[in-house]
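Asker: Dropping a structure here in structure tokens format, bear with me for questions.
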Amino acid sequence: MNISSSDKKLTMEQIAEKINVGFGDDLNCIFNDDNAEKLVLRIRIMNSEEGKFSGEEEESVDKMEDDVFLRCIEANMLSDMTLQGIEAISKVYMHLPQTDAKKRIIITDLGEFKAIAEWLLETDGTSLMKVLSEKYVDSNRTFSNDICEIFSVLGIEAVRKSVEKEINAVLQFYGLYVNYRHLALLCDVMTAKGHLMAITRHGINRQDTGALMRSACIKIGVLLFVVGAVVADVFKKHGSPHRFVADNCGPTVEPFIDDEKLVTQYFDEMNPLWDKMYHYLLVAAFASSTHMDDSEVKKMSSDISSMYSEFLQLIVKDTVKFNYRDFKNEITKRQLHFLRPKSNCKSNETSTNRKAELLRNMEGIFAAAKICRYGVPVGSCAGENLLSVEGDRSVQPEVDFYTIRGDVEALEYYWKEVREQTGVKISPLYREYMKLKMDIAAAANLDLKADALSDYEDETIGNQLDRAWEEVKPLYQHFHAFVRRRLHDKYGGDIIDLQGPLPAHLLGNLYSQYWTVLNILAFADVSSGVPDKSILREKGFSTNEILLRAEDFYKSIGLEPMTKKFWAKSMFERPRDGRLVDCHGSAFNLLFNDYRLKICPVGEMSDFNLIFHEMGHVQYFMSCRNLPNNLQGGANGGFHEAVGDTMSLSVYTQSCFKRFGLWNQPEKRETVRKIETNLLMNKALQKLPHIPYSYLLDSWRLSIVTGETPLDKMNQKYWELRRNIQGLIPPNNEPRPDPHYLDAAAKYHVSTDREYVDYFVSVILQYQFYEALCKEASQFDPDSPVSTPLHKCDFYGSKEAGKLLKDGLKFGSLKHWKVVLKQMTGTEELSLQPLLHYFEPLRVFLLHQNMLEGNCVGWEPEDCTDHVDQLAKEYLDYYVAKKKKYIDLGQSAFQELLKWEAREFNHLVKPYISKGFLSRVSSPALKRQFLEIEASAKMNVFLLFLVEVK
């Protein structure tokens, strides 16, 4: 037998083995080497003639000659024996796809990307299970027209889809069209009982009532069917969310399946597939953000994302039928809760599609917005002279530079130009978008205000946020007054009104949400306390060193070290190959112990905050990794960010800097106190302006969806809130009339219609977490005036603090956030009191300075009426309350009381009286109290001297 097997990748030994398996010891195969020019296989019969027949049978059966016998065997081999491939498929037709001959990116078993060429195979015969099991067959695009085989392999749902597809193919071949709903009804009836039923002109399975007669009935029942476990196999091509909450609307189905065992089985079979596809989704997302200029990676990521979206809709379609209210399994109930649609879809398809189109267009305008570099002629606006609003080569570094220089003209140019390229262009689209959004919500009977806060599952959340803002408002106003005085000293009275709001373009940030670039110090005669670039370089703090320090911090409080995949697969610096990457710091949870960071360090102290923050996210991921993936998010939208920032607060202390070798403590206690106040001021510049900004941004949007703000007054309302809440005005207080301007849309979250409330909640929670951990580490007592101040707390090495943190993080989003918050902090209410405890020394400093400088605390005319008396009263209230705390501690705190009164006398009371500030106070009662404090303080200074001498 002559063989040609090189093109089939068969060896002679493999062929001989197949023959031996089929014929056993009856045949002996002799073959030459695979490298021979001509491959020859010889077959010999091993049994003798006597072995073939025995006894009387030999006489009755004609003997078959050896050569004839071998011919029969050869014919059998050629027709019946399968050497390679799938037996049921007799023939394969191969050709390249006509639509797209490009190479496709796949993810290998190692999680790597590989480009492969695609072939389209059409077969005679089917064997669906074996074909789908082939490693390099794309199961997403494999189709069969063998309905019975589809049922046995993929189940009744796949049969339904296949029947629908075949009917459509036949209709299209003849140029016919039938509306989808009629075909869907037909296919539903054929498959509703879990097996395929024939529908002919004689009816359904020869019953009296046919499908057409049923569809003509006035009351059409909704055809529902139980999703069998085998349906999970259909989902192999789809992905899964991190924490998926169903879209605003879903199927109009009343839940009717209350069999908890069946539902648990559904998730038992679904969750492993969900995990695997979510992993691929995030692998693609990570690759896309680290290969932004690679079109193949971008296409692959987009394809996976689309399939993932389809998968979510399939899950919603299934799980909406589950009535889980009486279920006992908490995990199953919570999974279903997050998959439950918020309302029914009743809007017409045209409106929904137009709304989605408008959102895409607004996102596109924001992403494509370009600003010419200041001072560059219009004709030269290209390349590095063309800046984006956010992302790579953004305008923010230019704003930083000109803020430090104090160039008002340049800052005004960038502020206005960014809004010309975003808000002005987005304005008409946003108005139409909001109109459609409200119309669609009305049709679906959806309360948009309640919907915006629905993720918090708490009807009082709005009141809690209002109360939190009122708590911090006095501190912010004092901070605003102090910063205004410093900017007045820098720019002069023509630009900065000492009794008015601040110009938004002079605060060092495009949105005036962070004022860190202003670098305003409480005490200019000492350092800021923040290590600079030169110190980091001098101490050899590479990115890897900071990562190891961060890991050591988390390990010291009993949390887990980073995984091998974390160190192997993260992006810890900007790639040197020049490819475009998204440098926004991010943490990724890809499941299967695959956690990654994506950062681009800049060699400054901000790298510490960034790395500790992002590693905090990873710790959250690891703590709740045993939950289903859609419960591995935060307890609410603010939890994750809060955990990362809590860790950053612990790093931002002098004790931590000292442990890192980045700070040498001065000998003078007064110098240390001043540096601590500078550190607090630096943190305040970062945190305090963001609180009113995040609060007002969603307040503005909620005022629109509730109808309080007309669509043609949106920009007017926006600037009312910015002035009333944050104390800001546009450059030169110029009018920004509707409908031309929409300055809020210069912010990414507005132009893409994403809620911002989570950022406000995050700020609240991070200080609540931080205070709770410091209490657990026995480093802070809010009721004791002699306790270590909260801003100095460093819980490095505290296993107690680590346990409290981990016990809260392990729940992910399994438990209601109020339950987790109470477990961690002792209260279930959001409160900014811990933030006030943190900034208490700064608040006292600001109160002192604003009194001594006569600053108006506020920005409206009424705020500056009798403001000197108001400040004096506020200080006296503080003084009396603080002194009472010392007295309540008894004799043990007597010496500390004397020290505190001496400091207050030297830092405020003495200069306030001696420099004539007291003469500005109009109230005789307030003047008398100050003079009484002076007399008491002088006596206590003498007593302190005696105590210390003794």
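For all residues, glycine too, the Cβ spot is worked out from N, Cα and C.
Sharing the feature lines straight out of TrEMBL:
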- GLU614: active site, proton acceptor 2 (ACT_SITE)
- HIS749: active site, proton donor 2 (ACT_SITE)
- HIS749: active site, proton donor 1 (ACT_SITE)
- TYR456: chloride binding site (BINDING)
- HIS613, HIS617, GLU641: Zn(2+) 1 binding site (BINDING)
- HIS613, HIS617, GLU641: Zn(2+) 2 binding site (BINDING)
- ASN329: N-linked glycosylation site (CARBOHYD)
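Map the listed features onto the structure and describe their local environment.
Answerer: Taking the Cβ of GLU614 (active site, proton acceptor 2) as centre and 10 Å as the limit, one finds 23 other Cβ atoms among all the protein chains shown.
Cβ environment of HIS749 (active site, proton donor 2): LEU697, GLU755, TYR756 lie under 8 Å away, each six or more residues apart in the same chain.
In the three-state DSSP assignment, the secondary structure recorded for HIS749 (active site, proton donor 2) is helix.
In sequence order, ASN636, GLY637, VAL761, TRP817 are the residues of the chain that are 6 or more apart from TYR456 (chloride binding site) and have a CB within less than 8 Å of its CB.
Of all the Cβ atoms in the protein chains shown, 23 others lie within 10 Å of the Cβ of HIS613 (Zn(2+) 1 binding site).
DSSP assigns GLU641 (Zn(2+) 1 binding site) to a helix in the three-state reduction.
ASN329 (N-linked glycosylation site) falls within neither a helix nor a strand when secondary structure is assigned with DSSP, and so counts as coil. In sequence order, GLU260, THR264 are the residues near ASN329 (N-linked glycosylation site), counting only same-chain partners six or more apart with C-beta under 8 A.
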Asker: Distance check, please: Cα of GLU614 (active site, proton acceptor 2) against Cα of GLU641 (Zn(2+) 1 binding site), rounded to an integer number of angstrom.
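Answerer: GLU641 (Zn(2+) 1 binding site) has its Cα 9 Å from the Cα of GLU614 (active site, proton acceptor 2).
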Asker: Across all chains shown, how many C-beta atoms besides its own are within 10 angstroms of the C-beta of GLU641 (Zn(2+) 1 binding site)?
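Answerer: Step by step: centre on the Cβ of GLU641 (Zn(2+) 1 binding site), count other Cβ atoms within 10 Å, giving 20.
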Asker: Around the C-beta of HIS617 (Zn(2+) 1 binding site), how many further C-beta atoms are within 10 angstroms, looking at every protein chain?
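Answerer: By my count, 22.
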Asker: Suppose the Zn(2+) 1 site is HIS613, HIS617, GLU641. Which further residues of the same chain have a Cβ inside 8 angstroms of that site's Cβ centroid?
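Answerer: In sequence order, the nearby non-listed residues are ALA587, GLU614, GLY616, HIS640, ALA642, VAL643, GLY644, ASP645.
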